[in-house]
């Protein structure tokens, strides 16, 4: 596989990631910060099912720090998703490099405390977490598996933007 074909495969993977992230953000994640009357009962039921099935304490009773991440997702990330999807599906859009690096760094930074909390928080003693909680290490790993793609794909994006020769190349503008 040539360099162009490999680059296009990664761009398509990234495009799919950003397209898939739009409904997840709108219909699941933002229920924690937007008024409940904005959502049909089916979406509320879906969130309730997910929270109980996976014992996700962050989505059952979101702590304030987690809500701040979701607010950033609403204000900064959600508007970026269709722009990034367009750029990666179209391909060869060097202008996406800096915004993609900013997005990736921001997302990776937010996922670190989320994953750390899911792995190491003593939910039995934590006042902020009510409802069902992961009780076994296996349940914690299952939850980490749900959140991990949102760390791994931005990490791939970051490395792709920093290391791919096509995106590293800076076009010199002609002087008039």
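Note: Cβ is positioned from N, Cα and C throughout, glycine not excepted.
The cholesterol binding site feature in Swiss-Prot is assigned to 75, 77; the stated evidence is similarity to another entry. Taking Cβ-Cβ distances under 8 Å and a sequence separation of 6 or more, the neighbours of residue 77 (cholesterol binding site) in its chain are 21, 25, 103, 106, 107. In the three-state DSSP assignment, the secondary structure recorded for residue 77 (cholesterol binding site) is helix.
Within the domain 'EXPERA' (10-158), the DSSP-based counts of helix, strand and coil residues read 117 helix, 0 strand, 32 coil. Among the features that Swiss-Prot reports, domain 'EXPERA' is placed at 10-158.
Taking the motif 'ER retention motif' (172-176) as a whole, pLDDT averages 59 in the prediction. Annotated motif 'ER retention motif' per Swiss-Prot: 172-176, in sequence order.
Residues or ranges marked as site 'Likely important for receptor folding' in Swiss-Prot: 56. Within the same chain, residues at least 6 positions away in sequence whose Cβ sits under 8 Å from that of residue 56 (site 'Likely important for receptor folding') are 50, 143, 146.
Per Swiss-Prot, the feature site 'Important for 20(S)-OHC binding and stereoselectivity' maps to 150. Sequence-distant neighbours of residue 150 (site 'Important for 20(S)-OHC binding and stereoselectivity') (same chain, six or more apart, CB under 8 Å from its CB) are 107, 111, listed in sequence order.
Sequence annotations record features per position, and here Swiss-Prot assigns topological domain 'Cytoplasmic' to 1-9 (among others). Same-chain residues lying 6 or more positions outside the topological domain 'Cytoplasmic' (1-9) and placing a CB less than 8 Å from one of its CB atoms are 91, 164-166.
Swiss-Prot lists 31-68 (among others) with the feature topological domain 'Lumenal'.
Taken from Swiss-Prot, the feature topological domain 'Cytoplasmic' applies to 90-99 (among others), supported by similarity to another entry.
If you look up Swiss-Prot, you'll see 121-140 (among others) marked as topological domain 'Lumenal', on the strength of similarity to another entry.
For 162-176 (among others), the entry in Swiss-Prot reads topological domain 'Cytoplasmic', with the evidence type similarity to another entry.
Positions annotated as transmembrane segment by Swiss-Prot, on the basis of sequence analysis: 10-30 (among others).
Taken from Swiss-Prot, the feature transmembrane segment covers 69-89 (among others), and the record attributes it to sequence analysis.
Among the features that Swiss-Prot reports, transmembrane segment is placed at 100-120 (among others).
Swiss-Prot lists 141-161 (among others) with the feature transmembrane segment. Within its own chain, the transmembrane segment (141-161) is flanked in space by residues 10, 13-14, 17, 54-56, 97, 100-101, 103-105, 107-108, 111-112, 114-115, 118-119, 134, 167, which lie at least six positions past its ends and keep a Cβ under 8 Å from the stretch.
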Positions whose Cβ lies under 8 angstroms from the transmembrane segment (69-89), at least six residues beyond its ends:
11-12, 14-15, 18-19, 21-22, 25-26, 29-30, 32-34, 62, 95-96, 99-100, 103, 106-107, 110, 114
Just how many other Cβ atoms lie inside 10 Å of the Cβ on residue 75 (cholesterol binding site)?
9
